[in-house]
């Protein structure tokens, strides 16, 4: 955990949950596990606000709690980590992926669950069906069964999973806001002193969809002023209905999304390096290995050429001899995305997941050096990555760059910690005349340094976006009020003259300023998402290297 990670986590918590939750979250990040009494004393926030903040953090899976370290009966302790909070940065990507794979229905299901933290299947289906119906033309509505089907598909492919029983019970029974001495799971023996918490996969019913009795269609929101009162009056009746899934809460399986992002990055890299057919072969291999390969494995389970041939999409129409040629090409490629593990069954092949991530991270580092220091510095950087250790004279000769320029570039890269200098003395006195000075690149530490730079960049982008919005707060509020008035007039069937009169309440300079602001904010949002792709790639490479 570094200062840049803490800063970025604080900005994400403030933007999504407010300043009080940010203060509590930052304190937990810096201090580690804390009980309620210590949190109250050290943050100086009222007990009511601290309890509500902890409820919000627990609800969204950002904070976890367990029995105290002093044994059974000791105050419950709360802890959070930067990794959990940094997932918030990737929310748009999760939603977009769900939309790509499962359409608008899948998109709204994931969006609702990310927004609420966890929900029952029946309440999710109702909310999503109502939202889809609202956007349909008059007279049409979304059937609950269609949304339930999309929900079941997301569970089958493990993009959704049940919350662990302890977390679900705690979130709903208010254990997060209970007194410190309350056990984590009421009605069960106190857990032994341990920092390990149950994971969803440790329960047998993690991906079992309950039988939900939901019949009907989505309802439109009433546009008149009495609509909210009518809905409030009916809410107790609606909520009291039973659908067969009471107490079963669902959450987004972030790890499954991360595996999908990793596979897509590998497929895209193969397509760019070779061609579309090669990428389709690798996609087929990854799809076949999804169930059998551990998330932390360095490579997939071996697959025979016969199995790969049978599993290829029929639309590609690849003959068996052509497939063998493509597999040989992939194995011989220097990037080593695919490796050969044996000769049985026409040849056994694996996808080298760790090697692929290492090569993608390496390409990212080279790209950064080229963008910041130019193509000649990138040539030197690539040379050091390939040759490992070189003296200054060897760098000049191999890179074919004049001595003075090569020296300046090496010292610039050295000052930025992108290149390291290793001293190998011939004698114990370290005399400069009798010492070899070798330049080298250590990929893992360099990737870690670049990752911290990425965190800093995203934090700067968020701060800039918040500043831009704050500066134009009055204009944005005026624009929102006018949009609300227009929507109300359109719903009540107002005359075109009335609509035009309301629209003219925003002057031409204000419209121009709003357009400029929206353009800037869109650019900042887009930059955040692009930097997050680099962050994901570097994090995946670092985690893969550590576990392997």
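Glycine is treated like the rest: Cβ placed from N, Cα and C.
Taken from TrEMBL, the feature domain 'RNA polymerase III subunit RPC82-related helix-turn-helix' applies to 8-66. Per TrEMBL, the feature domain 'RNA polymerase III Rpc82 C -terminal' maps to 150-360. Positions annotated as region 'Disordered' by TrEMBL: 174-202, 218-240. Taken from TrEMBL, the feature compositional bias 'Low complexity' covers 174-196. Residues or ranges marked as compositional bias 'Basic and acidic residues' in TrEMBL: 229-240. Look at TrEMBL and you will find 365-441 tagged as domain 'DNA-directed RNA polymerase III subunit RPC3 winged-helix'.
For the domain 'RNA polymerase III subunit RPC82-related helix-turn-helix' (8-66), the model's average pLDDT works out to 88. Helix, strand and coil content of the domain 'RNA polymerase III subunit RPC82-related helix-turn-helix' (8-66), in residues and according to DSSP, is 44 helix, 6 strand, 9 coil.
For the domain 'DNA-directed RNA polymerase III subunit RPC3 winged-helix' (365-441), the DSSP-based tally of helix, strand and coil residues reads 46 helix, 13 strand, 18 coil.
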